[in-house]
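In what follows, a structure is listed as structure tokens, so that the remarks can point back to it.
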Amino acid sequence: DIQMTQTPSSLSASLGDRVSISCRASQDLSQYLFWYQQKPGQPPKLLIYRVSRLTNGVPDRFSGSGSGTDFTLTIDPMEEDDTATYFCQQSRLIPRTFGGGTKLEIKR
């Protein structure tokens, strides 16, 4: 299985900050990297597919970058509604494994 290592596991940022979340795969993913946002009591929402392509309706404050084994989700600027847990997922090989998640909170 492909192992997905996501950092940091938790993050506190101020409104308006630029936030970056990293994901590293144990082998080359080509373009098969997705990012999800999950809020408490809700199913995960697909934000970004194929590394950098935004799903319809996702604001362009969100962006994805990277290639090969190293990928980044960036939120700029952070807004209150962005408080959630974020996951990367690879779809290069089955099983389609996830990173451990990053819980993003607002620094008050």
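Each Cβ is built from the backbone N, Cα and C atoms, and glycine gets one as well.
Quick look at what Swiss-Prot annotates:
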DISULFID  Cys23-Cys88  disulfide bond
REGION    1-23  region 'Framework-1'
REGION    24-34  region 'Complementarity-determining-1'
REGION    35-49  region 'Framework-2'
REGION    50-56  region 'Complementarity-determining-2'
REGION    57-88  region 'Framework-3'
REGION    89-97  region 'Complementarity-determining-3'
REGION    98-108  region 'Framework-4'
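Counting Cβ pairs under 8 Å that are 6 or more residues apart, the region 'Complementarity-determining-1' (24-34) and the region 'Framework-4' (98-108) reach fewer than 3 and are not in contact. With a threshold of 8 Å between CB atoms, the same-chain residues lying at least 6 positions outside the region 'Complementarity-determining-3' (89-97) that come near it are 1-4, 25, 27-30, 32-36.
Counting Cβ atoms from all protein chains shown, Cys23 (disulfide bond) has 28 others lying within 10 Å of its own Cβ. If you average pLDDT over the region 'Complementarity-determining-1' (24-34) in this model, you get 97.
Same-chain residues lying 6 or more positions outside the region 'Framework-3' (57-88) and placing a CB less than 8 Å from one of its CB atoms are 4, 6, 13-29, 31, 33-39, 44, 47-48, 51, 98-99, 101-106. The stretch from 35-49, 50-56, 98-108 that makes the most Cβ contacts under 8 Å with the region 'Framework-1' (1-23) is 98-108. Contacts of Cys88 (disulfide bond) defined by a Cβ separation under 8 A and a same-chain sequence distance of 6+ are given as Met4, Gln6, Ile21, Cys23, Leu33, Phe34, Trp35, Tyr36, Phe71, Leu73, Phe98, Gly99, in order along the sequence.
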